[in-house]
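**Student:** The structure follows.
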Amino acid sequence: MKTTPNVLSIVLAGGEGKRLYPFTADRAKPAVPFGGNYRLIDFVLSNLVNAGYYKICVLTQYKSHSLDRHISQSWQLSGLAGQYITPVPAQQRLGKRWFTGSADAILQSLNLVYDENPDYIIVFGADHVYRMDPEQMVEAHIASGASVTVAGLRVPREEATAFGVIQAGEDNKIEQFLEKPAEPPSVPDDPEVSFASMGNYVFTAQALIDALKEDSENENSNHDMGGDIIPMFVNRNEAYVYDFSSNFVPGETSRDKGYWRDVGTVDAFYEAHMDLISVHPVFNLYNQKWPIHTAETGNLPPAKFVKGGIAQSSMVSAGCIVSAGTVRNSVLSENVIVEEGATVEGCVLMPGVRVGKGAVVRHAIVDKNAQITEGQIIGVDRALDEERFSVSKGGVVCVGKNETV
């Protein structure tokens with residue numbers, strides 16, 4: 001009879017997200033709205049829950065109120081069955097200091113590990129868009145006998161210079177872990193492809209505990225999981241790679257299999273939204289065999305289109321009203337209003353945005369409750385946009401939360 005291992009999941013959600021500013025000015029990066037109805041953290045939590053992992057600690061730090069509220073309101077599991085998803089703020093258990101790195105965050109939260117006494121610990125990031133069955137990675141970790149298994153994403157070698165890169169042998173043992181190398185090593189079976197670290201790890205529990213304590217005594221360490229803890233295991237020949245391309249998710253298609261996006265920059269965040277809206281999307285939010293869970297919106301009325309208002313190649317959430325306006329190639333979160341004669345094209349509009357009469361908004365991300373007043377033109381003249389707004393390298397205009405323009 002197969003014995004089910006005791007697994008504790010730790011989600012690292014303390015990131016400040018400076019590269020995603022201004023959308024992280026008032027919230028932690030994992031709390032940033034995404035895809036109409038979701039927050040970024042919903043993707044990792046959905047993957048864990050769908051796989052049957054119901055003991056989840058979310059380590060928070062930076063401007064965490066919005067994130068804490070979302071978890072408490074949207075992710076209630078059955079405490080009677082020993083199930084929980086709980087936000088864990090920095091508690092200063094080891095002195096009057098905040099988390100100094102991702103490894104230090106777990107070190108300061110080891111009381112949670114001791115309480116649960118797990119066999120294995122999943123450590124995942126909170127700000128990537130993807131589907132994954134982590135149980136398959138846990139099974140691969142157990143079979144390998146490794147101290148840590150690192151999820152590896154196959155990327156073209158020329159793109160791998162932007163990632164932490166894994167050099168692995170034929171047996172998947174990690175030989176080197178390199179941070180943004182100029183000459184990335186290739187995977188064993190394809191000279192044009194490299195393994196990029198996804199920032200997802202599975203540890204044998206005691207091995208992680210021992211490594212964290214050892215790292216805490218190293219004054220030269222940055223106390224970072226990817227920069228310090230993983231190389232420690234690599235140097236001991238105790239680290240293996242898990243090939244993400246081998247992961248099977250129910251309901252996936254050949255088009256969205258293996259999809260993973262780091263949305264840490266404005267341009268990447270924008271492009272990930274554009275991946276959602278094609279007829280055959282690169283990432284399919286409509287896969288109900290592996291759903292992405294979030295807060296219920298049952299109290300909101302359906303989206304409404306009146307006076308000839310239209311939306312083409314777009315996702316329009318509950319509570320939206322398009323009144324004699326035009327929406328194309330865009331993602332509208334709940335309660336967005338597009339008024340008469342307004343045009344919204346190639347945009348991401350977060351909850352509660354209002355676009356006034358005759359306004360034109362193109363190639364923009366507009367944060368929660370922002371008001372675009374009558375006749376405003378955004379995303380047409382870059383020089384003018386740069387005088388008024390933050391504009392990304394890729395030309396995406398950013399309108400901040402609660403702004404009126």
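Keep in mind that glycine also has a Cβ here, set from the backbone N, Cα and C atoms.
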**Student:** Of the residues SER144, SER147, SER197, only one is listed by TrEMBL in the alpha-D-glucose 1-phosphate site with GLY164, GLU179, LYS180. Which is it?
**Tutor:** SER197
**Student:** What is the total of other Cβ atoms whose distance to the Cβ of SER197 (alpha-D-glucose 1-phosphate binding site) is within 10 Å?
**Tutor:** 22
**Student:** Applying a 10 Å Cβ distance cut-off over all chains shown, what neighbour count does GLU179 (alpha-D-glucose 1-phosphate binding site) have?
**Tutor:** 11
**Student:** Taking all residues of the domain 'Nucleotidyl transferase' (9-276) together, what is their mean pLDDT?
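**Tutor:** The predicted confidence over the domain 'Nucleotidyl transferase' (9-276), as a mean pLDDT, is 91.
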**Student:** Would you mind listing, in sequence order, the residues at least six apart from LYS180 (alpha-D-glucose 1-phosphate binding site) in the same chain with a Cβ closer than 8 Å to its Cβ?
**Tutor:** THR161, ALA162, PHE163, GLY164, VAL165
**Student:** At a 10 Å cut-off from the C-beta of GLY164 (alpha-D-glucose 1-phosphate binding site), count the other C-beta atoms across all protein chains.
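**Tutor:** That number is 21.
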